[in-house]
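Chemist: To start, I am sharing the structure in question, which I have written as structure tokens.
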């Protein structure tokens, strides 16, 4: 495989998924390439890759890659960076919740199984669905379980490639089991999860069924101001909110979440909410990490689904962090 050909691949494993695979990434990528290289998509991407490389080479020839800064520019840039750092938000209250193998987990949590492990007939045997390489989706993989991920199978992969990976890497000892999708059930499961998460941030944003963007700063302030979780729920009303819109609601089928009016402070209805300690002060008794841990436990208890979370000063960083301790974990970036 050439370096250019390798650039065309949608790799079978990301940073986190790579640790789940028991096979060399190069071998997985080689199988994917062999399945894809005769397709129209591959040829189109190859032509695009060649055009991009040609454009880069022309720029290299016509423009210097590095140039000295004009006099005084370096100090101006340093002052600008220092200003940005001084105004940077340092409190890590942004949270991204990412459900673990969501569609597959929904299949395992179907009510007709009554909380018992789901079994299927696979290669003439009755086996647990979570113990064999399996995916949801028969033409395109919606999600795979962690057994299938050991073979490099991942979401958005063509079904025939996923089947080939499992068959080749196992030497024919294993076969991929495919479960048909049920979007109505997945939407209901997502609603159930959002019902729990909404208790911690009524203004949360959802961009898909299995991912939620939140800010727990207000909730943590109230907990440190003397409110219990139950007291916060009693105080938060059912006011309509514009900020709590769910993007792509028409696609996901999810209703717009409601935004609550701010409750009065513990001391007086006319006073402002309690605030987090300033930098250098002792940490609050109830932290954002504690809130996230409590929230994930509540999701697991009430929906039988697990989720992972990232905590950071920005949602972009929190999104990256949400993938660091999967499954059923959390990671905080200060």
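Backbone N, Cα and C atoms are what each Cβ position is placed from, and that goes for glycine too.
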Chemist: Name the residue range among 4-25, 26-47, 48-69 that TrEMBL annotates as region 'Disordered'.
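Modeler: So the range that TrEMBL calls region 'Disordered' is 48-69.
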Chemist: Quick one: which of 223-252, 253-282 does TrEMBL have down as region 'Disordered'?
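Modeler: Among 223-252, 253-282, the range TrEMBL annotates as region 'Disordered' is 253-282.
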Chemist: Summarise the compositional bias 'Basic and acidic residues' (48-62) by DSSP state, stating how many residues are helix, strand and coil.
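Modeler: Breakdown, helix to coil: 15 helix, 0 strand, 0 coil.
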Chemist: Across the domain 'UmuC' (94-330), what is the average pLDDT of the model, as a whole number?
Modeler: 84
